[in-house]
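What follows is a set of notes on a single structure, which appears directly below.
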Amino acid sequence: MSVIIDIHAREILDSRGNPTVEVDVTLEDGTMGRAAVPSGASTGAYEAVEKRDGDKARYKGKGVLAAVEAVNGEIADTLVGFDATEQVAIDQTMCELDGTDNKGRLGANAILGVSLATAKAAADFTAQPLYRYVGGTMAHVLPVPMMNIINGGEHADNPIDIQEFMIMPVSATSIAEAVRMGSEVFHTLKSELSAAGLSTGIGDEGGFAPNLSSTRDALDFVLKSIEKAGYAPGDDMVLALDCAATEYYRDGKYELSGEGKSLTSDENVAYLAALVANYPIFSIEDGMGEDDWDGWIALTEALGDKVQLVGDDLFVTNPARLKDGIDRKAANSLLVKVNQIGTLTETLAAVNMATRAGFTSVMSHRSGETEDATIADLAVATNCGQIKTGSLARSDRLAKYNQLIRIEEQLEETANFAGRSILRG
């Protein structure tokens with residue numbers, strides 16, 4: 001009865017108005033799982049390949065009809081008849097069918113859509129929520145959210161080089177309380193920016209994108225808003241940054257053009273260390289460029305005992321890249337993006353490898369999202385304790401927060417909000 005009888009993909013639009021792939025997997029008993037695939041703006045060079053049509057006359061080349069056809073053709077022809085509960089076999093079969101190291105022939109967006117839709121169908125078939133189906137009976141930890149309230153870099157049209165300024169409500173006792181705290185700071189920040197005559201337009205991930213002059217200017221606005229909302233920076237809320245440094249790492253230098261700085265790797269480490277010394281920063285993502293391994297090692301030596309150093313472009317959720325980082329002692333945390341590697345099985349393998357090495361994991365959205373809230377379930381399934389899914393605006397971001405609230409309600413007294421347990425030291 002859990003045999004797959006139909007796989008159907010379609011082209012839909014993501015939160016940026018760009019095409020993406022949505023897949024329905026239907027089982028013999030009529031159960032259907034549906035998944036929509038996210039897409040990134042700042043992408044790592046080592047990510048699995050997202051297949052785009054390249055026809056400039058249609059969606060400016062961003063169409064995904066070829067990926068849709070790959071699902072409706074080759075992938076469906078191969079997987080119809082498989083048992084949906086055999087997730088590992090299904091994912092492995094798709095990887096073998098693709099035949100490349102980066103899923104470039106069929107497209108990671110095609111393969112991932114089928115992988116996630118299959119898991120959802122199997123979860124429904126077994127009458128379990130997705131987090132329970134994937135994570136088993138021990139899945140009960142609600143993650144602390146990294147809430148992106150100021151956008152810069154590739155996510156906004158302003159001079160700030162660092163891509164994301166985030167708050168983490170660690171003193172909350174539930175995900176519902178954490179969301180409330182974040183919302184209150186978000187709206188306070190809006191009032192503060194407006195009072196200063198700055199734009200309150202929002203970026204791709206729902207954070208504000210004001211025309212601020214520097215990283216410290218942005219951090220000062222965030223701290224003031226936390227305090228005015230009635231919370232204590234460093235106690236109730238800690239800060240997280242996503243530098244996305246690969247985007248401004250050129251010819252061996254970190255070109256912070258918005259601030260008129262050109263830094264060597266050692267100078268960039270010192271720049272970040274100074275921020276950590278002056279602000280309650282708990283986590284820094286992609287503080288160094290994806291190919292600057294020596295810089296990553298230096299950053300980890302300098303800050304790794306007191307700051308979570310998250311590899312996104314560095315690791316691209318790839319177990320092979322992650323193993324390299326573990327061996328080199330570069331970073332101490334993995335950012336988990338399902339579309340970087342392209343299957344649920346490989347995503348879970350990366351999280352397991354990180355955990356065994358003593359790394360933390362942060363489940364993450366992409367800047368191009370949909371109403372699909374799968375990552376909320378995966379955050380709970382893996383007990384990773386942290387999720388990065390944007391601001392307190394845009395329904396594509398709030399879909400994930402709302403799903404976490406529902407999961408917390410379902411878990412009742414067994415729910416455990418990670419809270420301060422994530423803090424280092």
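Cβ atoms here come from the backbone N, Cα and C positions, even for glycine.
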Residue in Gln128, Gln163, Gln410 which Swiss-Prot records at the (2R)-2-phosphoglycerate site where Lys337, Arg366, Ser367, Lys388 also bind: Gln163
Which of Asp217, Asp220, Asp312, Asp313 belongs with Asp242, Glu285 in the Mg(2+) site listed by Swiss-Prot: Asp312
Other residues, Cβ within 8 Å of Asp242, Glu285, Asp312 Cβ centroid (Mg(2+) site): Gln163, Glu164, Leu241, Cys243, Ala244, Ile284, Asp286, Val310, Asp313, Leu335, Lys388
Greatest C-beta neighbour count within 10 angstroms, which of the binding-site residues Arg366, Lys388: Lys388
Neighbouring recorded positions, C-alpha within 10 angstroms of Lys337 ((2R)-2-phosphoglycerate binding site) - of Glu205, Asp242, Glu285, Asp312: Asp312
Other CB atoms, at most 10 A from the CB of Asp242 (Mg(2+) binding site): 28
Residue among binding-site residues Gln163, Ser367 with least C-beta crowding, 10 angstrom cut-off: Ser367
Spatial neighbour of Arg366 ((2R)-2-phosphoglycerate binding site) that is closest, considering only the recorded positions Glu205, Asp242, Glu285, Asp312 and their CA atoms: Glu205
